[in-house]
Structures are given as C-alpha cells and as structure tokens.
Amino acid sequence: MMGLEMRSLVAALLVLILGHFTSALEVPLDLPQPPTITQQSPKDHIVDPRENIVIYCEAKGKPHPSFSWTKDGTHFDVNEDPSVTMRPNSGTLEVDITRARPENFEGVFQCTARNKYGAAVSNKIVVRQSKSPLWSKDKIKPIVVKEGVSLVLPCQPPAGLPPPIIFWMDNNFQKLPQSKRVSQSLNGDLYFSNVRREDSRSDYICYARFTHTQTIQQKQPITVKVLTMDEINDTMADYYNFTEMVLNEAPVDERKPTFLIPSGHSSSKMVLKGHVLEMECIAEGLPTPEVSWTKVSGDLPGSRTSFLHFNKTLQIVNVSESDAGDYRCSAKNQHGAAHHIISVVVKATPYWISGPPKNLVLAPGENGVLTCRANGIPKPSILWSINGDLIENSPKDISRKVEDDSIIFTQVRVESSAVYQCNISNPYGYLLSNAFVNVLSEPPRVLTPANKVYQVIENRPAFLECSSFGSPIPKIDWFKDRKSGILDGDDYILHDNGTLEIQVAQAQHKGKYTCVANNYLGISENHVYLDIKEPTRILKQPVDKVVQRGGSVLFECIVKHDKDLVTTVTWLKDGEELLDDERFIVEFESLSITDISESDAGSYTCVVNNTLDHDSATAELSVVELTPPPAVVHGRPDPPTDLELTDHKKRSVQLTWIPGEEHNSPIQEFVIQYEDSLHRRGHWHDLARVPGTRTTAHLKLSPYVHYTFRVLARNAVGLSEPSSPSRMYKTDPAAPDQNPKGVHGSGTEHNNLVITWEPLTGLHSNGPGLRYKVSWRHKRPGTDWTTVTVANNSKFTVSGTPTFSPYEIKVQAVNDLGEGPEPAVVIGYSGEDLPTAAPANVQAVVLNSTLVELRWDPVPSHLIRGHIQGYKINYWRKHHKHNSDQMEQRILTFSGNQSRGMLPGLHPFSHYSFEVRVFNKKGDGPASKTQQFKTPEGEPGPPASLLVTNPSLDSLTLEWNPPREHNGHITGYTLRYQPVNNSNELGPEEELALAANETSVTLQNLKYSPRYKFYLNARTSAGAGPAIFEEAVMPDKARPASPFANVSSSLEEDGALISWEYWGPEKNVYVEYIAENSEGEEEWQKELVNGSQNIKLKGLKGGHSYRVRVVAKGHHEQPLHSEELFVTVPAVSSRQVDIATQGWFIGLMCAIALLILILLIICFIQRNKGGKYPVKEKEDAHTDPEFQPMKDDDCTFVEYSDNEDHKPLKGSRTPSNGTVKREDSDDSLVDYGEGGDGQFNEDGSFIGQYSGKSSSRDNDEGPESAGAPSPLNAMNSLNSFV
C-alpha cells in the first residue's frame, strides 16, 4: 500500500515539473506521423443479408499506412477469399454476397493500420446479419370472454435482429384505438383492464416491423367475443369445441385493482447510465384503474421524465447514478388501490472523464504525458498497448514510464514515435482509444486561412482564430493594425489554442489583426480582419389582438438591422410555418390576415434572421363570435387548504395541500411562499412554483431560518388569495455555505485601499453571529496576510498603503458555528494619483494637408500611478490674417496604452501647436513640451460669389470675390463656360485662365445662345478647388422682351383653355385674369402653372368678358407679362327644356303602360278557360274514400282548389293517364315516392303524404282530370323553357 502511494506521489510530482502539456494537435499531412484511425464501423455491426457486406476501416498517416485484419482473434487473409476485396488505399472490406454466404462472415473483426512510425487498431467490430423470421401460420382459436373481466392478447413476435417494433392494427390497416383501459405493453401484448361489448371483433392483428430489413410481419388475426351471462348460456354449446373461453358462472362485479404486470409486490430492474429506463405497471379492475408514479426516495427528474401509454409506462431518458432507487406505481379506483415497488440499479459502461487521450507532438528532448482517465460502474480496469502489442511485451524505453492511467515521457527521442492504445473495460463494455506520440522538429506555420474576415455583432464576443502548428509548440502573439503592442489584457483574452477573444466587440475594435507564431526554429504570421455589425432588433413588436370572426387583423414587426446583412422576416403560427393561404398577406414588416376564422386563433411570432443575429417577438390572436353567447363566468381560484409538512430533513421538507375551487378556469400553477419570522417577520417571498396538476412540493431549505409557508393558486384570471399559513418549521443553524460576492478593492485616496463586498442576507447567514474575515496582502513574494474581522458592514478601509499597488484580497463569511468555504482571491489596487511624467520624444509627421501622425514614447507604468486610460492631445491653430491672436483649442483622446495617433481634419496651410499628456482615472498628467508643425498648401475653397452683369447680345461681364478659404497662395482662376439652347442642350465648353489678382472679366464676341452656364474655380500650388456655378440669360433681337408668344384661348363646356409658348428661365409661371370692366382697386386672380404651357380656367362666369395674361416671375427682376388676351364667356340659355323631365310626358307614358298590362291579364284569363270544368266538381262525384280531401291533422294540404287559375294552360302536355310527365327534370318530388310505400323526411310525414299515390287513382281520373298546382308542375314548366 505504501509503495502504491509513493508511486502516485512521484507521478504527481513529475506531472508538476514536466512543464509541457499539449492539447490535441492536428499534424499537417505533409509531415511524418504515425497512423490515425479516421473511420470505422460500429462495434455492433448488423448487416442486411440481401446487400454486400461493408466493414469500414479508414486511416491517415505519413507515409500512408498499410492495413491488415483479424477475424475472431486470428489473421484474416483477404487474398484467400475471392468474394472479399479491400478498397485501394484503404482498409475497408467489401464482401460480395453473390459469391459467398453472409453467415460465413459473422464474427469479430479488428483492423490494424501501420506505417514505419507505429500501428493503430480499430475497435473489435462484431458483424452479425439481421434476421426477420416469419410468424407461425397456425390458426388461433376465437376467444370468448365475459363482459367486465380482464384480458391479455399475446403478440409473441419471432425473435429478430434487431428486435422488431410491435403495433396492433385491424384488417383495414388502421391502428386499434388504445386508452387507459386498453393499451399495449412494452413486450407487445395487448392488455384490457376490463372488456366491454364493443371490444368484440374478429381482426385483432399484431404486426412486427423489422427496421433493418424494412419488412413487416403479420400474426394471424385474433377473434374476441364479449358476452353477457345470458348470451353465454345461449352460445355455450356453439363455442365449446373451437373457442378459448375465459368464463365463470358468476356475474362480474366491480372490484379494486390488481396488477397484471409486474407480478408480486416488488421487483427490480438494472439500467445502464446514459440509456433509457422504462418501467411499466398495467392493472386490471372495474372501473378502470388510474395509474400514477412516485419515487420513494426523492423527486422524479422532471426534465427527463415522460409518462407513456396512458401513465402505465414511466420513461426516464439519459439515466444517471441519481436515478437509482425505489419507484412506486399505484393503481386506484373507487374500490381501493394496489401498489408495486420497482428497485432500480444503475450500472455504467466505461466512460471518459475528460475525453480520450490526445495525440502528443513533441520536439526532441521535450517531456509529455498521455492520460487515459475513465470511470464506470463497477470501476473499470486499464490496459495499455503500444502499436497493437501489450506494453509489457514491448522493448523497454527509458524515456517512458507507465503510472496507472498515465504514461509519462521525459527527454524523448525521434525513435520514441509510436501509437499507444488505451483499453478500459468492465463487465458492461469497453473503450478503446489510439493516441500517438510524434517526435518532430518543425518551424511554425499558421493554418488559419490568410485575410479571413470575421463579422461580429456589436457588443458581442469576437473570436479571432490563429490555428498553428510547430514543434516545439509555437508561442502566439497578436497585434492590431501597425503592431503597436501585443494584445493581451483589458479588452482582450488570449486562449491557449491561439484564439484571441474580444469580450465586448465595439466599433473601435474594427480593423486588421496580425497573428504571429514563433519557436526557436522560425516565425510565421497571418492577417485577419474584424468587421463590426449593428445588432438586429425588433423596434416595434406585434401586440395581442382580439378580433371578431370574419374580421381582419394587422400585426406589425418594425425591424432595425445592419444594412450590409441580408435580413429576412418570417412569421410563424404556434411555432410552425404559416399555411399557404391567400388570406395571409406577408410583407417585410407586417402580417395581415383577412376573413378570420376560429382556426386562426393562436400565437403569431415574428422571427428576424440574418447570418449573424436574430430576434423574435410573439403576439396572441383571439377570435370571438360576432354576437358571443352569454359568457361563462370565470373567476380567480379559491385559496388552497389543509397545508401539511412531511418528510422532515435538515435542508428540505415536503409540503402538501388541497386545491380550492377553480371557478371555470383550470389552475395553471401553484406559487409557494415563505416567511422568515427570525430575520424578516411579515415579509413573504416566493420559494417555488409547481404545475397546477400537482398538490405536493419538495422544498429545499436554508439553515437557521424559521419558515412559515403558504400557497397561492393561479389560473387564467389571476392569483387566488393566500392560503392559511402552515405551522412553523425551524431549520438548525450551520456554518455558512457561501462567501460574499462582488469582492472589490480600490482606493479613494492615493494612500488607502477600500475593500467592499455584497453582504450575505439573513437567509444565507446559516447561523447567528454573522461576520466577515477580511484578509489582504501586498502582491509580491514573501508578504503575509493581514486579517481583520468585520461585523454589520460591507466595506473596510486599509490606510497607509503605497500609491497604486496591487493587493491580494479575500473575504470569508463566519458565524458562531464556523467558517464558510475557502474564499477566492481577487486582485485590487490601492488609490491612484495623478501621473508624474509627460510623454517623451514627441514628434509630428505631416502626411498631407489635413492629416498628421503624432508619435511619442509611452509613460512608464510606475509613473502613471494608476490604471492608464489613454493619452490626450491638446492642439490649436494660429490664424494668419484676421484675429491673429485667436486660438482654436481642441482635444483628441486615444484610449489605452498607445504610442501614436492620427490628427485628422486639419486646415491646410496652417501653423499648429500641440501637447501630449497621459491620464488615468484620477486625472491628467503633466503636458509634454509644446511642439509645432505646419500643414502644406491644399486645394482652395470655391470663390465666395459669382455675379453676371451687363448682358448684351454678344457680351457680358462676370464679377467675383476670392475664396473664403485660400488654403495656400492663390495662383489664378479658371473660368469655364458653355451655351445652352432652348432644349437645354449644352454646347461646346470654353476655358479661360485668369490671373490671381483679377476679380472681374468681360467676355466679348460671344456666339448667340438663349443662356450661358459659367463655372469658376481658384487654384493653388496643390491644385484646383471646387467651382462656383452661375447661369446667364441672353437678350434676343428676334424675340420680344416678353418670354411668351402665341398666347391663345378656346372655350369648352367646363371652362376656357389658355395656351402659350414660353422660353424664359424662370420656373415660377402663372396665369392672371380680371373682369374687363372691373374697377382699378380690384386684384387680378392667379392660377399657378405646374410646368405645362396651358391651363383651363374654370372660375369664369357666363356672360362676362375677361382680360387674361401669363406671368413669369424670377428672383431678382420684375415679373414678365405676356400680351393681354380678351376672353368672352357666352351666357347659358334658360329656354332649353328636356322633354323627358316634363310631368305631362311622364303621366302619358304611365297610362299607356297600365293599359297594356290590363289587356295582357284579360288575354291570360280567356286562354285558361278552354271549356274545362273545375276539379272540385269531379272530386265530389267520386265515392272512393281515397279521393276525399285531406284533413288538417294529416297534412298541410287541406283540399284541392276549384279556382280556375289552377287549371293547366292550353298547349301544356298532360299524359292520358292523368299524371304529369317529368320531362328531363330530375328535380322532382316524385322521386321520393314509389307506389304506396311513401318515403319519410326527418319528421316522418312529409314525403309519404305528398307522393304516395296509388296507380288506381291515377287511372280513375281519366284524361280530362287536372291536379292541384304543385312545385312539380312549376318545375316541369320551368325546365321546358330552360
């Protein structure tokens, strides 16, 4: 035992001093390396006997490995069997089953991949062929059973590989309905807790689906006959010889439940960790029992628990050790209950604790460790191999030492390269893993693609990858932009794998990043780019809507997103995509629904997506009736009652209660609250919430609390009143479980350290006498802790500390029963003071006329005397002309420890002075010595003004003022001009260079054009500046002074149309008009023209004359008028009369129409007489009682009418037997009657009385008879016209 402990201690010490642990490295394939298995078939490999067998074994290595196989532990020669081939450059086997029997290849296969650096082995692959055997075709005797008893229909499928899936169906391939009374067990049998008459059927068929071969096998149908006691006595003889009878003579009474499965009062079950645990309890009884489940020793794991098969099966997925224990299933009905205990034992196949061993890449002379750490139940054993052979049988290697689950390597050599196998096993399975040791000397190389662009949402973490390889492992450094300094700390975190993490990516982090990998053999670098994008957010969320059926609704979803990201908006209903329905109108930021029905009610979710971000919002749509019926009164539930505390423990208790009345709204949840009368009497706090279907809760408690509990119920209406409080439950005090959070150290003065923390609440104090042990020490070797105890406070001030020094701080909770756990150590700093030094070697590098780069040497950290916040640049410009003493003071701040910065937006041709100073949280340090720089000349601004004067037919004068911003010495001006015709087409451009001292120029001998455009800009030695633009209108001899011509008018029904031609530059054109005989003080009326050359004046009065003119108004001149036009509007004649509106004409037309109508009625009456006699007279002549009038009690037809209006029209067809011919119409009531057997409608009377006529009656009436008018006659007449 002592020797084992010493070996463990030595191993631990070696691990500490080796100093070189490597994570799994991906060795580039162009470098020498041992084999690595990349693909293999599963351990249990079931193959389809109808298809070729394929057993996978793929591997990589340099040089490429060769492959060999064993079968059942002996060498398997691929070349000996012509039906077996191995894929080229691969170890994968293929078996052609057309040339061999599949069962000959059942067994245990293992693949080995080998090159000169080692050998890797696959798992042991058990190959078995799938089986789907047929059911027996024996006929199954019918089952006769008495109503009310239990029944089991066995399925007993044939054993297959893998086991089949069982289900019950009928002859029509419809699943048999199952319920809490009738259900299928896990083994496939069909259980009836009690049978009913409706269970009688002849097609109970059990099916087995074999998933691997995709086949379904069917058992012979089972016939079940359920009989009452009387039926049993009558049919006993018939079923005696060829039925299976489940009978007794006594009638079946109601009874309490008993379990059909499992049997007895208890049973046990073993399950493997990570697998699915299924337990079932099926009970019989009358009435049908209800089955429920509880865990005797705790709570069921809610998130992993499901109740299947109508609560008869308890399923727990992803089983863990905590799921072991006793489970109780209970079956209850009104006559009693039955219980069964199932004891669950959890075992575990071996599983990795921290993953399989990782490949080691070492440089010659380096150290390393292979670790194979796993666990299982029971604890597994570990077996090491090297290149497929047990390590005990391999040659000794002084650089290698095996210590239980680790192999320690020291001072490795190139010859130490090999593949190691770690095999961990227990009775329930094994784990086999390959890990190689590859000894290489290789300079660094960066594997991440060059110039990769990372896009990250603002204020989210950013991860910039720098995957590299080298041996020894390269050191990774990151730089931003121009490599001003290594990125580590503050905003940046450098991970062991080379990834640079920016915890909160913001706009200033955007840019180019350089990753540098180096070891003593060389250096390699790579550039990546970070782009920051705006977050995607829903600014206006859809809101809940209540809409009447048949109405419409609009949901809005206003979105904000980055313009460079393609963003989509998707709408979901109840979590599913919307149906393809034209009533749903989806636009980018809205959803509208028309003609709403009840099926449209539900939740509608707006989902905004792009490649980097997403957001969603949900609204509820409720659909109500147009005229809703009287609503059921819903109310809040009554408070729960009868609170009871059970299962008392130190840190937990079980609370049960009885729910109150729901008031037509189901209870959704119960809220459990507590009061701590020891620390905060009268204050109630939420402790737990449980679903509304539960009436018990297992409550976790804290020490040293006097608990009183109460329960509230919540439904859709709201919360109930609280229940009456439970009895008090006191927990014993204990030492604290936790220490204060938020421990922080910083100074308020330059010579102190203030330690603060978040105090524990009374609930977390765990006992009386809560206090805090505050400890601190200077963060340097050899310093001791100083400790004080503080009570009733959340801060402590340490005085007399040096300025801005690091301290290690910890705060531990203590009470009268002991100390809390060992606290974490945090780093704090004593108070800051103003920096004492200014940046040195301050320089300015002028880049162009508006941009300067400033450089300086950073201030040493000990002189900053605080957390550096950045550098401030104070700079100002000295004007050369007016107000020469005025200074424009500006400050530009560079965050962080920078050594350079850019000054943008400077004025060209200016003198600047600047100072640089460092600042911390306390304030600014001293300024550097004032430095000066001068910006070179730049392009000037545009001339201040440009004015056209004295225009004539062929000349004009231009006058201007120099630019306000010279930005250098003005060397001259450039004037460009070009003509513009009436169609706005530009002519050739002319250019004229002017001296710097000129401010006007006269252009002579210009070619005629209606307009000219002029462009004038100034020049310095740096180039030409922007131009100022002006346009001139030239006079024209050929046209009058007015820009209008051909002004005309034409009269129309709704006004006077005024037209003209216009060639002037002014855009403000309108028409004015005034009555011809108006007095001088009357104003002209205006009508604005929108760019056209005509307008219709609708405000002119008939019988008046008007003066009309067109006006153009510019910005700097008097309005220009056209010649006045005289327009006379004729008066409307009042003698024109429309005859159609006169009263005498309307009366005449009405009299003529009435006369025609009377004539038509007389003709119709005369036509219908035709010499016939009334039906009534003929009916009176008959003595046959069948022809007597119907009574009111018999039918709605009282008697035949003798009105002559009911006689058939002349020319209508009447058969010789007196019946009405149906023509081609199928829409006849005759179809409802056949002879004397009348058909009946829903009330059993109408159809038979209407159509049940005897043939004798038809014959007796003769050819001259006429029946009463009916819908049948009307329909036949209508059909003949149609």
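Numbering starts at 1 and runs along the chain as displayed.
Every residue gets a Cβ built from N, Cα and C, even glycine.
Here TrEMBL flags 1-24 as signal peptide.
Averaged over the domain 'Ig-like' (35-122), the predicted model reaches a pLDDT of 91. Feature annotation from TrEMBL assigns domain 'Ig-like' to 35-122 (among others).
As annotated by TrEMBL, domain 'Ig-like' applies to 133-223 (among others).
Positions annotated as domain 'Ig-like' by TrEMBL: 257-345 (among others). Here the domain 'Ig-like' (257-345) is broken down by DSSP into helix, strand and coil counts: 6 helix, 54 strand, 29 coil.
Feature annotation from TrEMBL assigns domain 'Ig-like' to 350-438 (among others). Using DSSP to sort the residues of the domain 'Ig-like' (350-438) gives these counts of helix, strand and coil: 6 helix, 49 strand, 34 coil.
The domain 'Ig-like' feature in TrEMBL is assigned to 444-531 (among others).
Here the domain 'Ig-like' (535-622) has, by DSSP, the following mix of helix, strand and coil residues: 3 helix, 48 strand, 37 coil. The annotation domain 'Ig-like' is assigned in TrEMBL to 535-622 (among others).
Feature annotation from TrEMBL assigns domain 'Fibronectin type-III' to 639-734 (among others).
Look at TrEMBL and you will find 720-748 (among others) tagged as region 'Disordered'.
Look at TrEMBL and you will find 736-833 (among others) tagged as domain 'Fibronectin type-III'.
According to TrEMBL, the feature domain 'Fibronectin type-III' maps to 838-938 (among others).
Each residue of the region 'Disordered' (924-943) gets a DSSP state, and the totals for helix, strand and coil are 0 helix, 6 strand, 14 coil. Taken from TrEMBL, the feature region 'Disordered' covers 924-943 (among others).
Taken from TrEMBL, the feature domain 'Fibronectin type-III' covers 942-1038 (among others).
The domain 'Fibronectin type-III' feature in TrEMBL is assigned to 1039-1132 (among others).
If you look up TrEMBL, you'll see 1144-1165 marked as transmembrane segment.
According to TrEMBL, the region 'Disordered' annotation covers 1200-1282 (among others).
Per-stretch counts of Cβ pairs under 8 Å to the domain 'Ig-like' (133-223) identify 35-122 as the leading one among 35-122, 350-438, 942-1038. Across the domain 'Ig-like' (444-531), DSSP assigns 3 helix, 48 strand, 37 coil.
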